Amino acid sequence: MNILLSWLRDYIDIQVPPLQIADALMMAGIEVEAIHEPGKHLQKVVVGRILTRAPHPNADKLSLCTVDVGQAAPLQIVCGAPNCDPGAKVPTALVGAVLPSGFEIRVARIRGVESAGMLCSRKELGLGDDHSGLYHLPPEAPVGEDIVKALGMDDVVFTIAITPNRGDALSHLGIARELSALFNLPLHRNSLDDARGDGDIREQTAVTLEEPALCPRYGARIVRDVTVGDSPRWLRERLEKIGIRSINNIVDITNYVMMDIGHPMHAFDLDKLAEQRIVVRRAAAGEKLHCLDGVTRALDPSMLVIADARRPVALAGVMGGEETGVTAATRHVLLEAACFDPVTVRKTAKALAMTTDSSYRFERGTNIDNVPIALNLAARLIRELAGGRPVGGLLDAYPAPPPLRRIMLRTRRVARVLGVDLKPAQIETLLLRLKFEVSREGETLWVGVPPFRHDIEQEADLIEEVARLYGYGNIPATLPTLFSQPVLPTPLQRLTGQVRTAMVDQGFHEIITYSFIPTTIHESLREGPPLAIRNPLSEDQGHLRTSLLWGMIDALTRNIFNDEYDLRFFEIGRVFRPDASGFAREADHLCLGCAGPANPADWRHSKEPFDLYRMKGLLGRLGHLLPVEFEFARGNHPALHPARQLEISCQNRRLGVVGQIHPRFRTNKKLPEEWFVGELDLSALSQLKPRKRLMQPIPAFPAIRRDLAILLPKTATFQDVERIVREAGGEILEKCALFDVYEGKGIDPDKRSLALELRFRAKDRTLKEEEVQPKLEAMISQIATTLGGKLRE
Amino acid sequence: MTDNPETLWHQFDEERRRAASSKDAEALRIKYLGKKGPLSALLKTLGSLPPDQRKTAGEAINRLKARLEQAVEQLIAEFAEREADAALRADLPDPTLPGTVLPMGSLHPVTQIGLEVAAIFLSMGFFLAEGPEAEDEYYNFEALNVPKHHPARDMQDTFYLENGQVLRTQTSPVQIRTMEMIKPPFKMIALGKVYRRDSDITHSPMFSQMEGLVVGENVSMADLKGTLAAFAEKMFGRRPTRFRPSFFPFTEPSAEMDVQCIFCEGKGCKVCKNSGWMEILGCGMVNPRVFEAVEYDPEKYTGFAFGMGIERMAMQRFGIDDIRLLFGSDIRFLRQF
């Protein structure tokens, strides 16, 4: 909303600089987004009248003008514009002026002739792009007057953002009222207007109010014999400066009243109203209205309409109908000023997907007392500016004027909430400045709320008003003295922090991807039905993710397309799945994504590719954060390579998957064949029971080490071997570690060799070779019979 | 040939100074202390001396011998150490060759700032609460004193799920859930993602907020100011803050806190739109209606709440001009943090 300083001065005699006004409003909760002072930088440019024009003696395209600028003698100015016609009034930059372009005017000799100023185009004044000729000013512009004043640029426009609670501030009166409180200045109200006129309105129209709950007050006046035409300059300028297009004098006047006192109005063409009367009712099912914006809208009974005897003629508080609107041919006008229920206006505007200056104000609450004031102000302006004759009186359907709302304010409560000891008299003074009515009973104030302050409903609201005017800056700063119970981080919070550190330590970069996934996502990435968003920004963001895999594959893909191949990403984020009743069940997941080398090649090491086992290791080590031991089994996630994937579980809970991305997602040759992802349910993991950690005594006796290389069919797993070895090794087998896996040259193609490091130790004595040998033999024979393996020679 | 211990020592001393290696020192040892050396020669002269001088001369020669032996040994040890050190230094690595361990990864800038902000409040005795991102409308709106059909709903364009839930538009519903679970006094924060139907270079449909709530028997707006000013000082350094009235349905009075612009020190610049101030957070005293919704006695308890956007702080801190970079997962961007 734009507010004009000169307009504010209709109400308040405020003389402080614009910046100070803006600052005061900001510190009172009214945000000033911009201050526009169009004439601020234009000085020493005046209205000049061209007296004579003669050709320049030494240049074909230049003219030699004499210009009256209100000084004793006319100035001689050389001009290159084609339209420097004698008699024209043009902006004249005097010597010493600095134009917006930075050009400074001096006495100059142009082709041998002295020139003492410059005649200007719009562009040269910074008022637009027109540089075709001089800016011809209106003939009534006084010669010698400062151009800023002559063009009405000596004004200040404040662009103001009003929070939704402050409907009362959506006008010049509203802002002036605020300033009057802030600067403690009197607020003027003009009392020129009354309901006098020719005849009696009650004999010429009628208002039937069928829905007083949705329209507590409806007022109407009639003005006859209007001449619809252009608005006078002052009106046009005021509206245009605040960004409202001038339409015609009648419409401009209703807009003016709205911006002046904050009350939206509407003007009907009286002759076009069936039976020339008004009915305020709900729309009937099936009714339609062709609105002023040219759109025909279907109505329903939840909507309140203004109707004539036959049909709806306006959407109450939102927009008028085109058929009954004011046109050039209109002779008699019925003016409407009313108060509509905010919720109904809002529902109607929302249902029809429209917002108007009117609906915006009604939604935020209007001043019910303004109904007659708006009507009388508009009627007077029409009489003055459109030659109309107001009909006497106003119709005022106002069945139940609300009583003055009174709210109790305990001054002790003010002190307790604000932490500053304000005296009752001080509080009273502050509230009076804000136009509240106050009566004091000891330490309690009874505060009457003016009808424009719909936001003041309870004691806390009054405390805010007191604080606002007292100044938030004047409230001291202290620290709360309360003592509260210690609350530890949840297991998930702790785990999340540890996982983050662990992943960064492994060279992973954290990413944050959107929680949305496309509705067209590949079936294999769905993991069950996702939750759908009713109003997504686009189909690409139509569902909530059920896993982090899609976002990770997308992130890897987009980086690879940017020629970045060395990638290791992790994300920790929420996933959403519907529970049995369709509501979201949420969990925090970790997702890893890797492409490129596992060790970026450096000058000493060559690149090593990521593979399934490295991924397994990266995820597996996270179990130690609790600690728990993960179990890995062959997985069957459809988004992963069918053979190269593992399912992760622990304590009989499935925790996640890890594996190579399914080749179907390699949609472009640029993408690698081997790239990997892993996902872990951190919420589930954090709930697992950690292994108990009890110290084992440090071994006191030496160990015996044996290496075992076993050749066995590829179908036998390491786990099979390990189980046999551990069983046969018994209590004295301290360690069984795999240190080499070999297949290929020199070995039967169906077989591979596993090399194990075994360490035997007894807790209570030095172990003897003879004790170890039978164990080894038992292992070998068991491996031979169960797995078909043998010692590798 | 020398016949005087004194002269002999001087001669040795002279030569010792010229020695440059353990090899030279060894040569000196052989030269002076060897069988054919001047010391042996001197000893042999003893016999030719008169008996009364023999003792004194013998003692002098023995003293010289001990002195020479000690000096030579010391010389040899010095050179040995120096040479061993030189040998160690001979294999000097190039200190500018890069280290060969896997480089560190990085935390996302939003995570970094979120953790930084959280750490400040945790140090003041706050605890970190959690809540769902897909919320019931009640928790996101009604319980926070935002009725249906209230213009305040326009402040946040909401994503609705087909099942009737909403994606939380703020972390404030965590306030309600916390208050339903525990009794005052307490100090809590909540950190997490929120969603609004908005997308351009300064708005993302998903972003992070940090929420705070303090409830007790005599918590005042002065406490709010003190707590948040303390936070601002830790986060932005010692610089002026200001509190402006604002509007949030769940607080009354409501305020916004600005911190003097960290880029122009209040002089006015592009970042602060020439205001000299940076908007940091919204806050206020808990609206008694919110307490009523969670069945806290608004006569007994007062409290304050605050909320701030993490992305904006990260963008200010790191000079990021487009919020979409934060969610683009571009390694060229992430690597910088």
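Each residue's number is its place along the chain shown, starting with 1.
Glycine is no exception: its Cβ is also placed from the backbone N, Cα and C atoms.
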According to TrEMBL, A:D461, A:E464, A:E465 bind Mg(2+); so which of A:D455, A:D505 is the extra one listed there? A:D455
Which one of these binding-site residues has the most other Cβ atoms within 10 Å of its own Cβ: A:D455, A:D461, A:E464, A:E465? A:E464
Across the domain 'B5' (A:402-477), DSSP yields 33 helix, 17 strand, 26 coil
Can you break down the domain 'FDX-ACB' (A:699-792) into helix, strand and coil residue counts using DSSP? 34 helix, 32 strand, 28 coil
Tally the residues of the domain 'TRNA-binding' (A:39-148) by DSSP class, grouping H, G and I as helix, E and B as strand, and everything else as coil. 5 helix, 38 strand, 67 coil
Need one number: mean pLDDT over the domain 'TRNA-binding' (A:39-148). 88
